Amino acid sequence: MGQPRAIGIIPDGNRRWASLRGENLYIAYYTGYRNVKRILTYIRDFYPAIRSVYLYVLSRDNCSKRSRAELSILYRIMRRSIERDIAEIEKGGASLVIVGDINHPNLPDNIRESLAPYHFDMYLKKGSLPDGRRVVAGLCYDPFWEIEHYTPKTLPSRLLDEIDLVIRTGGEKRLSSFFPLLTRYAELYFIDKLWPDFTREDLDRAVQWFSTRRRPMGR
């Protein structure tokens, strides 16, 4: 088995990283955000076979149940970086696709407005998804919302690439509703490291592990 064409990343463990180091949540989430950028750049430069990267930014439960204080930290980081990060993704030859309920009442208007042009719904209105490499971000994402919001023919999970490899940091061994229709045959790689400590070498090990897997995929 060669390299995966689509990988999913569940970047878990930012809060525990803060607690273990005696840092505040802003430092933890900002460090985690910087690591997302580092890993995306590494994939772009050294893994040309990977065409899609799926990131679990926030589940719909996260958007509904996390404290206002914690969400405000996350949104503050997002507001500071959205335009610059989108420009970097596009400069690197990829397209951003947002999947999830960006009309969620807990999502700030300015973030919603900045991300709306890149939402899956906007691509549907244009008639097609962007070709080439993609960064797919799950924001206020929930599979039940997806099924209720779209027709069977326009489900994101029908039109996006199926995920070959899911990497979850932080030691938890579950998917937490991470694109369940796209992970039917995904290989699941769990690592105890907390997300801010995840390195490029850890990614290399995950991809190498994937290459050893036998994947009958129902056959």
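Every residue gets a Cβ built from N, Cα and C, even glycine.
Here is what Swiss-Prot says about this protein:
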- ASP12: active site (ACT_SITE)
- ASP12, GLU187: Mg(2+) binding site (BINDING)
- GLY13, ASN14, ARG15, ARG16, TRP17, SER59, ARG60, ASP61, ARG66, ARG168, ARG174, LEU175, SER176: substrate binding site (BINDING)
- ASN62: active site, proton acceptor (ACT_SITE)
_Inter-residue C-alpha distance, GLU187 (Mg(2+) binding site) and ARG15 (substrate binding site) (nearest angstrom)_ = 26
*Which is it, of ARG15, ARG174: the one of these binding-site residues whose Cβ has the most other Cβ atoms within 10 Å?*
ARG15
*Let me know the most crowded of the recorded positions, choosing from ASP12, GLU187 and counting other Cβ atoms within 10 Å.*
ASP12
*In whole Å, note down how far the CA of ASP12 (active site) lies from the CA of ARG60 (substrate binding site).*
15
*Measure the Cβ-based neighbour count of ASN62 (active site, proton acceptor), defined as the other Cβ atoms within 10 Å of its Cβ.*
19
*asked:* For the C-alpha pair, I'd like the distance in angstrom between ASP12 (active site) and ARG174 (substrate binding site), rounded off.
replied: 11
*What same-chain residues, at least 6 away in sequence, bring their CB to under 8 Å of the CB of TRP17 (substrate binding site)?*
GLU23, ALA28, THR31, GLY32, LEU194, TRP195, PRO196, ASP197
*Hey, which of the binding-site residues ARG60, ARG66 is the loneliest by Cβ count within 10 Å?*
ARG66
*Report, as a single number, how many Cβ atoms besides its own are within 10 Å of the Cβ of SER176 (substrate binding site).*
13
